[in-house]
Amino acid sequence: MLSLQYPDVYRDETAVQDYHGHKICDPYAWLEDPDSEQTKAFVEAQNKITVPFLEQCPIRGLYKERMTELYDYPKYSCHFKKGKRYFYFYNTGLQNQRVLYVQDSLEGEARVFLDPNILSDDGTVALRGYAFSEDGEYFAYGLSASGSDWVTIKFMKVDGAKELPDVLERVKFSCMAWTHDGKGMFYNSYPQQDGKSDGTETSTNLHQKLYYHVLGTDQSEDILCAEFPDEPKWMGGAELSDDGRYVLLSIREGCDPVNRLWYCDLQQESSGIAGILKWVKLIDNFEGEYDYVTNEGTVFTFKTNRQSPNYRVINIDFRDPEESKWKVLVPEHEKDVLEWIACVRSNFLVLCYLHDVKNILQLHDLTTGALLKTFPLDVGSIVGYSGQKKDTEIFYQFTSFLSPGIIYHCDLTKEELEPRVFREVTVKGIDASDYQTVQIFYPSKDGTKIPMFIVHKKGIKLDGSHPAFLYGYGGFNISITPNYSVSRLIFVRHMGGILAVANIRGGGEYGETWHKGGILANKQNCFDDFQCAAEYLIKEGYTSPKRLTINGGSNGGLLVAACANQRPDLFGCVIAQVGVMDMLKFHKYTIGHAWTTDYGCSDSKQHFEWLVKYSPLHNVKLPEADDIQYPSMLLLTADHDDRVVPLHSLKFIATLQYIVGRSRKQSNPLLIHVDTKAGHGAGKPTAKVIEEVSDMFAFIARCLNVDWIP
C-alpha cells in the first residue's frame, strides 16, 4: 500500500481534564467546535486525501455502475387505510425519496399525494414522521433537511391534497397525535436556544415539552399540556386511545425499554384542552415498559417487560389499577421475544415474535388471549405491517437476505384466514438461487452461544481465501434481523465475498436479558462476541484476517473501532460509520445524554472506569509486535449528523493518524470522509446512499486487493 502523508494537525497538550483523580489529555478538544475555521480546515485537509484515494480505487466505477443498475427496482410499503382511502409509499427505483400515493380503493387509480423529491433539488429534504386525523381528512407531516434530527411539521387537507398555512418549528424526537375530533394535534418541541439549530450545532437537547396545536392557529398560541422542569432529560410522547377518550403519555428518560405511563381522561377536562392536563400517574417509575395496544372501556391492554424480559400482554383496569390486579392475557414465552402487537377487526390481536432472530406472526383473540392462527412465513423478517382496530384486513411485508420483499394481504372477515401475496418484487441481475444463507451459533469468550447469519455463493471452498464483510451493532435493545441489501449482495456476487451478520449481546435478539448482557459494566461482552465471530469465520475457513472487513454504524461504529484497538491483528479493514468514539464526553452533545442508559456516564467514578477501558479515542496504541499494524480504516461522518456529532470521528482520526499513522510499519491507510448536507442516516437520498456504498466497497477492494468478478 502506498504510504500516505497525513495533514499536520495541532495538538493542544494543555487540554487536560480531571476525571475522579485521573488526568486525561484531550489534545484535539478544539475539534469540538464545528464552526471554527480550524475545524473547517481540518475537515477540508482530510477530505483532500480521502476523496482522491477513493476515486482512484480501480473498482469504484464498476461498483457504482452495478449498484445504480441493481438498486433500480421498485420499492413499496404496505398499503394502509385512513378514513375512506388507502395510502402507500412507492419508489420507482432510484428516486431520492419515496413518494406517498393515495387510492380510493385497492383497485382504484393511484395518485401522488406527497412527493418529497420536489422539495429540494438534491433530495436532501426528507419526510420524517406523519399522522392522519382519525377521519383521514387531515394530514400532518414532518420534514427534515440535510439529515438533521430537527423537524418542521406542516399540514394538508387530504381532499385535493391542499396545503394549509400551519407550521410547527423546533420539533425533534416528537410524537404526532391527533385528537379524534380532528381539531388539533399533540406534538413535542424544545425551548429556543442560542445559536443555530440546523443540525450542525452540538448543543444539548433538554426540557422537551408536550404541546397541543389547534389547526388554523399560530404556533405561538399552542397549548402547553405537559412539562417536567425538574427532570430536563424526560421526554413525553402522547397517543390517543382507540376510542379517542384518553390521552396516554409515555415518559422516557433515556434509551432503556422502560417508561412511566400517565393518562388523562379528556371527558374530565370540562373546558377542553386549555392547559396542563389532569394527568393520572398510572405507572410512575422506570421499572418496566408499557406499550399501549388497545382498550375496551377502562380495561387497557399493554405489551410489557415488567417481570417478563421477553415481554407479555397484560390487562390493567383503570378503575382498579393495583399491580396485584393486573391480568395476564398472553404470558411471556420462555425463549421468543414479543416484538410488537396490533389490535385489528375489533377483537383480534396480531403478535409478532422473534425466534432465534427470525420473525413469527400470530393471530390471537383479544378477549381470551388464545392463539387462533400462525401465519406461514419463510425464514426472514417482517418489515412492514398495517391494520388498526377498526380495519377488517391486514397487510404485512416480509424480507430476507435474498428476497427483496413480499407484501401479503389477509381479509379478516373470511371464514378461513388465508393471506394472499398482494405484491412481490424481484431484482433483475441477482439470482437468489445461486446463493445460500446459513445461521450458525458460535461460542463467545464466556461460552455464551451467539447467533450469526452467513450469506455466500453456493458451493464455495472453505479454504480461507474469500474476502468477508462482518457487520454488527450490539446495543440499545435493537435486533439486527435479516434484510435485503443490494450493496452487500454486489460484494458477494462481484467481489467473491462472504457476508456475515453477528447478533451480539446488547441487542434485543433474546429480550431484555440479552440487552443487559451487553451494556454498562458488560459492554466488553459486545466486543468479545464480535471478535469471536471473526475468529469463527477464520477458523471455519470462510476467510482470513487479511481478507476480513468489519463494519458498523453509530453504536456499531463504536463496536468496530473498539475491536480494531483491541485486536488489530484480527482484521484487514475497518469501516466505522457515524461512530461514538469519545466515551468520556458523548453525553454532553445533542441527545447523547439519553445513551447513558446503555453506556453509563463519566461523571460517575464507577462508570468512568468502565468507559476509559474501551473508549476508542482513549485506547489507540501502536501494536508492540513488529509484524502487526492497524487494519486499513475508513471513518465516515457528515456535517449535519446531530445524533452522533462528527467531532467523535474527527478527534478519533486525528488520534489514529498521530499515534499510529506516523509509524514506519503502518502502511495501511487511516482515513476519514466527511460528507456535506448529510446526517446520521435517516432520510438519506438514494444518490448519496449509492456514493457512500461505492466508497466503502471500493476502499475494501483497494485495501484488500480484491478483484472485480464480471
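Note that Cβ sites are derived from N, Cα and C of the backbone, with glycine treated the same way.
Taken straight from Swiss-Prot:
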type     : residues : note
ACT_SITE : SER554   : active site, charge relay system
ACT_SITE : ASP641   : active site, charge relay system
ACT_SITE : HIS680   : active site, charge relay system
MOD_RES  : MET1     : N-acetylmethionine
MOD_RES  : LYS157   : N6-acetyllysine
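When the Cα of SER554 (active site, charge relay system) is compared against those of the recorded positions LYS157, ASP641, HIS680, the shortest separation belongs to HIS680. Shown are the recorded positions LYS157, HIS680; of these, the residue with the fewest other Cβ atoms within 10 Å is LYS157. Distance between Cα atoms for ASP641 (active site, charge relay system) and HIS680 (active site, charge relay system): 5 Å, as a whole number. Over all protein chains present, the Cβ of SER554 (active site, charge relay system) has 22 other Cβ atoms lying within 10 Å. In this structure, the CA atom of the residue listed as 'N6-acetyllysine' is 31 Å away from the CA atom of HIS680 (active site, charge relay system). Counting Cβ atoms from all protein chains shown, ASP641 (active site, charge relay system) has 29 others lying within 10 Å of its own Cβ.
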